[in-house]
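A.B. asks: Got these off Swiss-Prot a minute ago, pasting:
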BINDING   Gly172, Asp173, Arg174, Lys175, Thr176, Gly177, Lys178, Thr179  ATP binding site
COMPBIAS  548-558  compositional bias 'Basic and acidic residues'
REGION    536-558  region 'Disordered'
SITE      Ser373  site 'Required for activity'
Amino acid sequence: MAELTISADDIQNAIEEYVSSFTADTFREEVGTVVDVGDSIAHVEGLPSVMTQELLEFPGGILGVALNLDEHNVGAVILGDFENIKEGQKVKRTGDVLSVPVGEAFMGRVVNPLGQPIDGRGDIEAEARRALELQAPSVVQRQSVKEPLQTGIKAIDAMTPIGRGQRQLVIGDRKTGKTAVCVDTILNQRQNWESGDPKRQVRCVYVAIGQKGTTIASVRRALEEGGAMDYTTIVAALASDSAGFKWLAPYTGSAIAQHWMYDGKHVLIVFDDLTKQAEAYRAISLLLRRPPGREAYPGDVFYLHSRLLERCAKLADHLGGGSLTGLPIIETKANDISAYIPTNVISITDGQCFLETDLFNQGVRPAINVGVSVSRVGGAAQIKAMKEVAGSLRLDLSQYRELEAFAAFASDLDATSKAQLERGARLVELLKQPQYQPMPVEEQVISLFLGTGGHLDSVPVGDVRRFETELLDHIRVAQEEILTEIRESQKLTDEAADSLTEVIKSFKKGFAATGGASVVPNEHVAALDEEKLDKESVKVHQAIPAKTSEKSKNSTPR
């Protein structure tokens, strides 16, 4: 058996050397204690150095956000299941302000307000992390909104156009089609995405706040069937989630979108809906014992929405020229747009589309009330062809609504009023559009050219939509060059208008109304109608000559 060659002195020297070279890793950890917990709110003692909006770690890996920094304790919102958090448990500071992962890999995914995937498709490889509370672009970092963002909805693109970088509010009662308008807008970006041109491509973020799981699933299914999930991210805070998740969801979606905007990309974000976020923030504030204001909302509820929506912008060219377009949704009660939250958001945004219950029930869908809806960007966000054909549309519809109310009580109407009523009824029918069927802008121009140009006056109201559909099918097959010219030049030249008029006239000859009657106007009847209209206008505008009597002739002036 071999003898040991290591002596006791060698062992002693090795131990002494190791002990002398050992340096203990010491770190300072600030730990607090849960004083009370309930309704997703916890009060914690013993964290004197905590920052506002800092993440706190509760037992079991559950996170919370420090909101109230009081003298003796910290009020924190728990993000997740608070049932297992008990009084006396330890809480650790993380040293990190609330942030979420961002990057290209988020397209096509469904995440929660912490940026964690919830679609069962594995982890997401993030490019970076972005803080939720960041300063919005300043005045010098912005430029004016001048590029159109087509929604594919005729009534919006014609009368309340939206530009890239704009904030357009979609407001109305429940079940009036607010979500449908925004989903159609996302679907309409597919053609731009498939073009492969970064200047045309628009990435989309859909933020669902307090929605039912089935509602979010149906939206996702509609986007998948329309080929829109390739460029869309869904941030979901379910109705069953805590108030903290509903409060944070819009900021998470905005952070993901801002990452692309500052990278020079164009982004569209939908907040569905901010009413539920305000209600969640009200619940959090009341539980934290913050003083309530109007309708029990806290005093900073305006700032809650303004600092979110101010992030939507069209960046200056030296910052890449990216844009973030916002479509916030607000739900009203009994069409009351003068309530607290609706008026707040109306004052923050650049316009609103007001959807009305009565119009929706009459079958006018999208149920946009033209009189109340407005876009403060206006013609700057429209192509020239759309300006030409839709210039008089809002006025025509407003006059039609006034005459319609008057005609309900008047038995006898002059020819001009009857013509306006007939034209208005056809315009209303023309602006109706099925859900999930957005229309390219060049086809919208042709459709509106039909209505405002009077080409539908001889078509029965019940056949207007069929006439429009069949004419567009005919043009796609036989007159593709008209669509191509409008799409590429973005203008409707006199030559294009003349050729389009000839196409419509020839198409009318082969089109039969529901009863089998021809829609080609009789030239003789049309001339008589024109003469009748002229006479009516003469009656209105011509001065009536004063009748002079013999007595007046002989009388001398004083």
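Glycine is treated like the rest: Cβ placed from N, Cα and C.
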A.B. asks: Are there any residues at least 6 positions away along the chain from Ser373 (site 'Required for activity') with a Cβ closer than 8 Å to its Cβ? List them or say none.
C.D. replies: Met159, Thr160, Gly351, Gln352, Cys353, Phe354
A.B. asks: When the number of other CB atoms within 10 A of each residue's CB is tallied over all shown chains, which of the binding-site residues Gly172, Gly177 has the maximum?
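C.D. replies: Comparing the binding-site residues Gly172, Gly177, the most crowded Cβ belongs to Gly172.
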A.B. asks: Among the binding-site residues Arg174, Lys175, Lys178, which residue has the largest number of other Cβ atoms within 10 Å of its own Cβ?
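C.D. replies: Answer by Cβ density within 10 Å: Lys178.
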A.B. asks: Which of Thr176, Thr179 has the fewest nearby Cβ atoms, counting only those within 10 Å, among these binding-site residues?
C.D. replies: Thr179
A.B. asks: Far apart in sequence but close in space: which same-chain residues, 6 or more away, have a Cβ under 8 Å from Asp173 (ATP binding site)?
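C.D. replies: Long-range Cβ contacts: Glu331, Thr332, Lys333, Ala334, Asn335, Leu355, Glu356, Thr357.
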A.B. asks: Cβ within 8 Å of the ATP site's Cβ centroid: which residues qualify beyond Gly172, Asp173, Arg174, Lys175, Thr176, Gly177, Lys178, Thr179?
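C.D. replies: So the additional residues around the site are Glu331, Leu355, Thr357, Phe360.
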A.B. asks: What does DSSP assign Gly172 (ATP binding site), in three states?
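C.D. replies: Strand, per DSSP.
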A.B. asks: What three-state secondary structure does DSSP assign to Lys178 (ATP binding site)?
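C.D. replies: Going by the DSSP assignment, Lys178 (ATP binding site) falls within a helical segment, counted as helix.
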